[in-house]
Every structure is written in C-alpha cells, then in structure tokens.
C-alpha cells in the first residue's frame, strides 16, 4: 500500500526505471539455505513514510533556522525564504541525481496539504468581522475574479494577435481564457503567509483573505468550463453550454457551502454526546471537517468553501461542548498541521521550478502576463471599491485600495491547476507552466518583500492585538441593539435586523439543540463572571499580603453546579479565614495597565448607576452571612449581564 501511495506523494519509487533482475528462491536446488542474518538493510519497506517524515523534519528545521535571526525574518517573509530553500534543495538534487526527483503533485496538494490550511483559517476566522464585510468580500471574490480572468485572457490573446507573443505558443482565445482563469485568482496560502507577517488592520486583512477563500468557487467553475470548451472545440460549443456554465457557478458555490454547513451541524451535534469520551473530541473535529472537504471534492463542488463554512459554522457549538483540554489539543494540532503544510508547499514550489523539462520560455507571454495581472487587478479594485463605498458606512480609502491591489498574490493553487492541463489538448501547456512559475515567484517573493515597507510608507492602520475594553464592549452592544431597533421601527430589514433575528433564532433553537444542557447553562454570563471575580478577589488578597490557605481549605467551585458557587466560593473562604484585609475591588488598587484602569472606571460607574435590589438574592446566601462584606462582586457580575 505504501508503494502504491508513493507516486501520489510526489516521491519516486525505489528502483523506478530499472529492470528487475530475477532472484533465485531461497532453498532452491543446488543452493545452500541462507544463514541467520545479523543485519539486513530494508530501505524499500520504509521508503515512503521515511521520506515523508524527512521532508517534515527538514521543513521544521528550516523554520527554526530562519527564526534564529530576528532581523532576517523581520525583513524577509518566511514564504520567500522557504521558496529560496526549495530552489537550493532542488538544485542539489538535480546535480546529484541528474533529474528532478521531487515535485509538487496536484493530488498531494489538493488532498493533503491544502485542507489543514483552509480548516485552520475557517475555524479561527473572526465570524463577526467576516459577516460585517461579507458584501465587499463577495464582490471582490465573484465580480473581481471574473473581471481579472476574462480581461487577462482576452488581453493575452490580443497580445498574440499583435505579434508580441512568439508563434510557437500555439493557443487560441479559449486557451488564453483558460489560462486567465487559473492565473487570476488570489491564492489563500500565499495571502495568509504574507499578510500575517505584515499585520495590517483587521478589516483590510479579512477582505483580502476572505476574497482568496471565496473566489475558489469562481476559479473552479471557470477552470472546468474553459477546459471543457477547449476539449469540445470552439465550433462545437452551443448556447446552452454557456447557460450551463453560468448555472454551475451557483451550483458549485452554494453546493460547497451547503456541504460545509451540513458537516458543521453533524460535528456540533456529535460533540454534544462526548462528555464521557473526551479523548475522541479532537479526532471528531478533524475527521468530520476533512470529510466535508472530500465530499465536496467528490461531488465536484468547491472544497475550499466547504471546509471554510464547516469550520466557521461549528466553532461556537464545538467549543462549548468539548473540554478545555480538547480545545487546547484542537488549537495546537490545527496550527501545527497548517504550519507544516504551508512550509512543505513553498519548499516544493521552489523544488518544482528546477525541473526545466516541464516548462518552456517565452518572454512576451511572461512579461505580458505580469503586466496584465497587476494592471487589471488594480483597475478592478478601484472600480469595485468606488461602487462599494456608495453603500459602506466606513468607506475604503485610497491607501486601502493600494494595499488590496498590491496584495493579490498567486500561489500553489495556480501551479497545481496548470500542471493538471492536458498537453495533447493544450499545446501551449509548457509555456503556461513557465509563466505560472514566474508569476508565483514574483508575487510571493517580490511583492512579499516589498509589501511591508509599502505598508509602513503609506502609514496603513495596523492591527491591534488586544481584547476590547469594557467601555468598547458596552458601546458595541448598545449600538447593535439601537441600530436593530431603528431598522425595526422604520420597517427596513437591513443587516442589523437580520443579525438580531439570527441571534434570537440561534438562542432559541440551535444552541439548545447543538449544545449540552450543562454547556448551555454555563453560557449564563453572570455565573461565569462571578466565578472569575472570585478568583480575582483571591489574587488581590494574596497581593495585599494575606496568607495563602492550604489546599485542603481552598477549593475552587465547578461551574456546572450553581450551588457550589455560593457554598465554596473563593471569596467566602478567604473572608472566613479571619484576615482583616479589605477585599473590596473599589478600594484595592491593583490596576496595572490602561485597559484595567478603564475597565475599573467603567465598572464603578455602572455599579453606582445600576439599581440595587432591596433584598439580597437567594443565590448568594454566603454573602448574606457577612453583612460587612462588600456588595461589589455581585454588582460586577450584573453589569456584565447588562452588556449582553
């Protein structure tokens, strides 16, 4: 089985191309039986897994070496270094073996390397930011990709008609449109690798990265339709074929999204019943997400869109159902797989470029493609942004448009698609392969190297890696409710209205169906906040010089049991210890940062403004036993509930 899988992984078979010599059976007449061997070399039995492990090891060591020098990694993106390392390794292998041994095979890329990267992106994608900019993302992904594909293909055909492309490049209009469809789509792997190191603001990143994920459906449809038209011949294409091509765009995109949502539902529902078998929770997450990808690929739908929607749709419910250890395992395993896959992709891209037997050079085609993809990308972004800004509350300025135009990177998706072309149907395949390699290297290396200085020179707003303050949360929730109420009053069913309706539907039906009852009860914020405030009380008590209780006298409450919160809370245990330390968070000054100071000011403002009930609630009988205890902990908990 390993030898059968070896060609799929892009690795050569042992002794491939050599004639097998007849071997004599042991124990045959005239030969003495072999003796006991103390040592036997059996490389052919472990060749496939050993080479796979060796490639992963080389990729990991390369990342370690790159990050030894902070100055190098701050100037050069990791993807550029990996491609250059691949070129060096490919040159060494070519010099030793006299032929290119290893290649980035399309089957390996689409079935094994791409899914973990897309799953990691979809699972950890900020859903609120994604859906807030969904209109812009869809516009750039659908309209922008169609614009880039048709204009680039038509312009290259015009370049050939003008005599600027060599006559040996035998390609017609359909051939150039096919090439334009695969070279015009923004690559998610390249965008993720470069933009994560640039740290542009969240809105700009989610628009470019969201476009690279969602344009997969358009790329798949255009590629398959143009490839089918080329195989049929332009004279045999009927009007109904064009209509089928348009219809397939909706089938591939909506079908891929539907497959992803179905598997997201199954994943969330399955994790609801894993309370007694926590060990298989991470396995279920990866298994069902990968099943969504394979199912969409099997049905000729958008596999990237399927796994993206699966990760985006299931995270909320899965995170609530699985244990904390399972969440940690899922997070770091997913990040590790995505990082390894990304590293191997860029290394194999560099190695694949060394094999000159699979490509042919034409300067006019290469230079024309580079110019047209940059020009039409910039022109398309400007035109689409002008239309979008007529409807956006916060318009995209000219600096954002420059970064979006310059950030349209191409990568391994385009290379894998061009390798899949049939040379018998498309004679110019070798020229398209060479042009694709140059475009990928130019966008990843040249644009990847210069985009960070460009962002600094243009003073693009950078991302802020911090959680929103209490004041920001309060205003965000307030404005959400106000805008939804305004739309409801005026009778306009806009974005805020439907988001509010979705949240009500999710709270009433989906959360109760896909979450365990204990997990759904824990979502009650007042108990979670009160528990965390008790921990803060204990930390404050220790910081003020109080003695630490023994492990037998200090027990932490478990959240599923609400009675335990009142009976064994950390605050009450500390207060019963007889210490005279003040546990009032309004008196103890433990503010250590600007964010904490702002939260404390807002908390005190809400504590003074909120109505306090005449009778203390029954849910906190332990507080009632100590009249001298401060009332602030419960007020802190209630004002967080007020925010929701």
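Placement of Cβ uses the backbone N, Cα and C atoms for every residue, glycine included.
All annotation found in TrEMBL is predicted automatically rather than curated by experts.
The signal peptide annotation in TrEMBL covers 1-16.
Here TrEMBL flags 48-68 (among others) as transmembrane segment.
Summarising the annotation, TrEMBL assigns domain 'Cation/H+ exchanger transmembrane' to 56-457.
According to TrEMBL, the transmembrane segment annotation covers 80-97 (among others). Listed as Cβ neighbours of the transmembrane segment (80-97) (distance under 8 Å, sequence separation of 6 or more from its ends, same chain) are residues 58-59, 62, 66, 72-73, 343, 346-355, 441, 444-445, 448-449.
Note on the transmembrane segment (137-159): residues 130, 165, 171-173, 176-181, 183-186, 206-207, 210-211, 213-215, 218-219, 222, 364-365, 368-369, 372-373, 376-377, 380-381, 384, 387-388, 404 of its chain, located 6 or more positions outside it, place their CB under 8 angstroms from a CB of the stretch. As annotated by TrEMBL, transmembrane segment applies to 137-159 (among others).
Long-range neighbours of the transmembrane segment (171-195) within the same chain, counting only residues 6 or more positions beyond its ends whose Cβ lies under 8 Å from a Cβ of the stretch, are 77-79, 114, 117-118, 121, 145, 148-154, 156-157, 160, 205, 208-209, 211-213, 215-216, 218-219, 222-223, 226-227, 229-230, 234, 304, 342, 345-346, 369, 373, 376, 407-414, 417-418, 421, 426-428, 431-432, 435-436, 439-440, 443-444, 447-448, 451. Residues or ranges marked as transmembrane segment by TrEMBL: 171-195 (among others).
The feature transmembrane segment is assigned by TrEMBL to 204-225 (among others).
Annotated transmembrane segment per TrEMBL: 245-269 (among others), in sequence order.
If you look up TrEMBL, you'll see 336-354 (among others) marked as transmembrane segment.
Taken from TrEMBL, the feature transmembrane segment covers 366-387 (among others).
The feature transmembrane segment is assigned by TrEMBL to 399-419 (among others).
Feature annotation from TrEMBL assigns transmembrane segment to 431-451 (among others). Taking Cβ pairs closer than 8 Å, the transmembrane segment (431-451) reaches residues 75-77, 79-80, 83-84, 169, 171, 179, 182-183, 190, 193-194, 198, 346, 349, 352-353, 358-362, 365-366, 369-370, 373, 403, 406-412, 414-415, 418-419, 421 in its own chain, all 6 or more past its ends.
Sequence-distant contacts of the transmembrane segment (336-354) (same chain, at least 6 residues past either end, Cβ-Cβ under 8 Å): 10, 55-56, 58-60, 62-63, 79, 82-91, 93-94, 100, 102-104, 109, 112-114, 116-117, 119-121, 189, 192-193, 411-412, 415, 437, 440-441, 444.
Listed stretches 48-68, 204-225, 366-387 were compared with the transmembrane segment (245-269); the greatest number of C-beta pairs under 8 angstroms is found for 204-225.
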